[in-house]
Every structure is written in structure tokens, then in C-alpha cells.
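A.B. asks: Before I ask anything, let me first share the structure, which is written out below as C-alpha cells.
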């Protein structure tokens with residue numbers, strides 16, 4: 001009570017003081033004239049004026065943006081209308097509903113058809129993100145799609161349901177294989193390699209009791225289904241052929257920059273370091289721009305989410321597997337750099353397998369220059385995405401609890417200050433990549449030449465001069481080539497290509513494969529199988545590069561990284577061999593011959609124009 005009284009009296013006293021002080025100020029004119037006690041309203045007036053001007057400027061800027069958008073839309077629509085009129089005008093037939101030519105003869109991979117696809121995709125995306133998703137999409141996801149997805153996942157987790165789904169899936173695959181190989185039963189030989197490697201995975205698994213067969217079977221099935229879509233299904237094959245041609249055309253523009261810097265002679269003679277490798281500068285430049293804009297992160301996180309939902313793998317390994325479709329083995333882990341410290345041993349193993357089992361877009365042009373099919377290279381990387389997760393979880397299953405989740409992960413953003421800075425740094429960052437490729441090729445080719453000379457000398461002493469180091473490895477890899485579906489007559493040559501990729505690198509392997517195709521020494525289907533088999537970074541130099549890059553991102557995990565590196569190297573190679581086996585089932589000799597005839601005709605025309 002006393003304290004309450006003290007507080008009340010204090011409050012009264014203070015109020016009285018304030019009232020007395022105010023009265024004193026009012027009654028004393030000299031006191032009123034002192035500027036220290038005058039209330040200055042001019043500052044508030046200036047603030048209100050500034051605020052009003054800011055609002056007006058914001059409104060003006062908003063209307064300017066709307067006006068620019070309107071002008072842009074009018075220009076795009078006007079251009080499309082004129083392009084449509086021009087396209088109709090240059091065609092010799094009338095576009096009618098009952099026309100025998102589908103879609104009025106529009107070729108969606110070139111010219112007007114590509115314009116239709118691009119504009120359709122852009123406006124469909126704008127409609128989805130600006131209108132459908134905020135107005136209706138979020139409501140549908142919250143009230144219907146998400147609850148249905150949760151119930152579906154719970155339903156699939158039931159043991160009986162999982163077993164039934166797996167049995168049904170395997171039955172459908174068997175039925176498809178019967179129809180696919182009824183005219184060429186020898187194609188079934190291609191199943192030997194996948195079955196052998198799956199058996200080896202079970203035998204040499206770090207913990208067989210922890211293997212999640214749902215991930216393994218679903219991942220390998222997705223790999224085969226992607227192969228059917230991209231290779232066997234006519235529409236899918238045309239889409240990937242178109243995509244491959246566009247990628248090849250896009251990367252081909254790097255030749256103009258290389259010719260300007262190095263001159264026509266080095267480009268015309270196709271000197272590897274000057275005519276082929278400069279494309280890495282161009283592609284790195286482009287990827288860095290996409291990374292700065294956030295487009296690369298968006299695509300990768302969406303693909304990673306799809307893999308995570310289908311396979312049930314963790315978010316970091318799923319995102320990295322998706323990123324390796326586009327990026328290299330050193331660049332893709334950068335997307336999850338803050339989380340590498342928290343990854344489990346199995347997750348690090350999966351990330352390394354993803355790097356070894358794919359190639360990056362920066363080196364595609366080099367392979368294309370040797371005669372590789374762009375469609376096959378892209379298809380191989382796409383097929384490898386689910387397979388790397390499946391096979392890696394077979395050889396090293398998860399035994400720990402993941403410390404990352406889709407709710408907590410946030411992909412790294414670009415540190416570049418502007419778009420121009422991103423473009424410049426992207427090109428500059430490619431310098432060590434190019435120098436590393438040159439250094440490794442020189443060193444490893446020289447070392448293998450030394451081993452060839454040494455083994456050849458030893459063979460000469462016993463009367464077998466034909467024996468060298470690569471000959472020995474080719475004989476070791478011959479059963480593997482046969483198990484992937486290569487005809488026995490081509491097994492020796494394909495085995496030597498696979499051995500070259502394993503002990504040197506894929507650049508030299510593709511160069512030798514291109515020479516075999518160009519000289520007609522192997523069948524086109526065998527060449528296609530080999531293209532898939534060597535489409536990965538699993539070679540000794542890449543092993544050191546990946547260990548170094550991951551160790552730099554997580555120094556305290558270096559011991560764990562080095563302990564799983566060699567196993568990941570082997571498993572990454574196995575993923576490529578399984579993709580090649582599935583390609584062996586799906587590829588057709590006649591179709592492949594047409595593909596390679598076109599490729600080498602195009603290369604011959606390009607060389608003739610230089």
C-alpha cells in the first residue's frame with residue numbers, strides 16, 4: 001500500500017511539475033522566446049513532403065513499368081502475327097482441318113515451330129505464376145493436393161503395397177522386354193551387366209540389412225523408363241535429338257570467339273587446346289549468368305524435389321544429382337556448400353557418385369567435335385540422375401539420420417555484384433578448368449604411353465610385341481563390353497575405348513571412339529553403347545579433383561571424403577555401364593547408322609568451310 005501511495009504521489013508530483021512548468025513557460029514571455037524550447041514543425045513538414053514525393057515517384061515508376069510491359073507485349077504479339085502470316089505465305093499448301101500434314105507441317109525444332117514453342121512456354125509459365133498459382137494453385141495445394149500426397153505416401157509405405165507395386169513394375173518391364181527383343185533376342189545379353197552389378201552391390205554393400213530396396217528398384221526402373229522415353233519412344237527421341245542439336249548449335253558459337261583470338265589456322269586444324277576447349281569459357285560464362293539470375297537454382301531445386309519425392313532420398317543428394325545433369329562434379333556441390341559439413345557418410349558418397357557418373361555441359365562441345373551424339377550425351381546424363389542415387393544407396397546404404405531437410409535448405413546465391421560481373425567471373429573461372437584439363441591430358445597420356453612402352457618391351461623379350469598396357473586392359477574389359485550388349489566382333493575395340501576412359505579420361509576415349517566410327521570399324525549400335533558407357537567423369541584425375549574440391553568446402557570432413565572416394569569412383573563407373581546396357585536394349589542399328597552419318601557429314605562440312 002505504501003509503495004502504491006508513493007507511486008501515486010510521485011505521479012501526481014510529476015504531473016504537477018509538468019503542469020507548473022507549462023504554466024511557467026506560458027506566463028513568461030522571455031522563456032517563450034528562447035529557441036531551445038520552441039517546437040520546430042518544419043522537419044515534420046519536410047518529412048511529409050519527402051514521403052509524398054516518394055509515393056508519387058513510386059506511382060510514376062509503376063506506370064512507366066506497366067507502359068514498357070504493354071509496349072513489349074504489343075511488339076511480341078505483332079512480331080508473332082507477322083511471323084505467322086509470313087509462315088503461311090511461304091507454304092505451298094492450305095492449312096485445313098483435314099490436311100494430311102499434321103499441325104500444318106509445323107516443324108517445332110526449327111524456324112516458326114520453335115518460336116511457337118518458346119512463346120507458348122513463356123506465356124504458360126507467366127499465366128501459372130502470376131494468375132493460376134496465387135489465385136487457385138495455392139488453395140488447391142493446401143486443401144487437396146498436399147493432403148492427397150500425404151495419404152498416398154502413407155499408403156505406399158505399407159509393406160504389402162510396396163511389394164505389390166514392385167512386383168507389378170517388374171512384371172510390366174518383363175512384358176516390355178519380351179516385345180522389345182522378340183526379333184533380336186541377343187539384345188537380352190545387355191541385361192547381364194545390370195544384374196551382375198546389382199548382385200555385386202548386395203554382396204559388397206557396407207550394410208546389407210540397411211538397404212532400402214524401394215530406392216534401388218525405383219531408381220533403376222526410372223533409369224530404364226527414361227531410356228525408353230528418350231531413345232525408343234519416337235516423340236521423346238525427336239525431342240532429345242532436337243535438344244541435342246540446339247545444344248550443339250549453341251556451343252558451336254564459341255568457335256567464333258576462338259577463331260578471333262587464335263586465328264583461322266588453329267581452328268581449321270582442330271588443335272584440341274585452341275579449337276575445342278574454348279567452348280568451356282563460353283558455357284561457364286552462360287551458366288554463371290543463369291546462376292546470378294537464380295534460374296539455375298530454380299531448375300535444380302525443382303528437379304531435386306522430383307527425385308526426392310519419387311525415390312525418397314534426402315534433399316541434398318537429390319539436388320546434387322539433379323545439378324549434375326547440367327553442371328560439373330566440382331560445381332554442383334557448391335549449391336549446397338553450407339550443408340556439406342552436416343552430410344552423412346552415405347550422402348557424401350552419393351554426391352561423389354553423381355559427379356563421377358555424369359559429364360558437365362561445359363565439355364559437351366569437346367565430345368561433339370569427336371563425333372559423339374549430342375542426344376546420347378544428354379540422355380545419358382538424364383538417365384544417370386535417378387540411377388546414381390539408387391546404385392549408391394545399394395553399395396553404401398544410409399545408416400545415419402540426415403541433418404538436412406527440404407524445409408531448412410536454401411541454395412547458395414551468386415556473390416557477383418551485377419549481371420556483367422557474373423558473366424565476367426564465369427568466363428574467368430573457366431581458366432583453371434581448361435588448364436586442368438590440358439595438364440591432366442598431357443600427363444596421363446604421357447604416363448600411359450610410358451606404360452605401353454614398358455609393357456611392350458617386356459612382351460618383346462618373350463616374342464609378343466603386340467602386347468602393351470592398353471592391350472591388357474582391353475582384354476580385361478572385353479567381358480564387360482559383351483555384358484553391355486556389344487556384338488562380340490566389336491568387343492575388343494569397345495573394350496579398349498572403355499579402358500582408355502577409365503585409365504586416362506573420357507576426352508581421349510571419345511577421340512578414339514570417333515576415329516573408330518569414322519573409319520567404319522565398329523557398328524553404329526556398338527558406338528551408341530560406348531557413348532553411354534564412357535559418358536562420365538570417373539577417371540583418376542577426376543578422383544583427385546573431386547576430393548580436393550569437396551575437402552576445400554568441408555576441411556573437417558576430409559577423412560570421410562577420402563575414405564569413400566574410391567568406392568564412389570567405382571560406383572560412378574557402374575552407373576554409366578548400366579545406362580549403356582539399357583541403351584543396348586533400346587538402340588536400333590539402322591537408326592544409329594543414320595544418326596552417325598548425319599553427325600560426320602556435318603563435321604566434314606564444318607571442316608571444309610574453315
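Every residue gets a Cβ built from N, Cα and C, even glycine.
The structure displayed is predicted, hence computed values, not measured ones.
As annotated by TrEMBL, transmembrane segment applies to 67-87, 108-131, 160-179, 188-205, 211-231, 271-293, 348-368, 430-451, 529-552, 564-587. Residues annotated as domain 'Concentrative nucleoside transporter N-terminal' in TrEMBL: 195-264. Residues or ranges marked as domain 'Nucleoside transporter/FeoB GTPase Gate' by TrEMBL: 274-372. The domain 'Concentrative nucleoside transporter C-terminal' annotation in TrEMBL covers 376-584.
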A.B. asks: Please spell out the DSSP helix, strand and coil residue counts for the domain 'Concentrative nucleoside transporter N-terminal' (195-264).
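C.D. replies: Computed counts for the domain 'Concentrative nucleoside transporter N-terminal' (195-264) are 61 helix, 0 strand, 9 coil.
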A.B. asks: Short question: which residues 6 or more past the ends of the transmembrane segment (67-87) have a Cβ under 8 Å from it?
C.D. replies: 111-112, 115, 119
A.B. asks: DSSP says what for the domain 'Nucleoside transporter/FeoB GTPase Gate' (274-372): how many helix, strand, coil residues?
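C.D. replies: Reading the DSSP string over the domain 'Nucleoside transporter/FeoB GTPase Gate' (274-372) gives 76 helix, 0 strand, 23 coil.
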A.B. asks: Over the domain 'Concentrative nucleoside transporter N-terminal' (195-264), what is the model's average pLDDT?
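C.D. replies: Average per-residue pLDDT within the domain 'Concentrative nucleoside transporter N-terminal' (195-264): 89.
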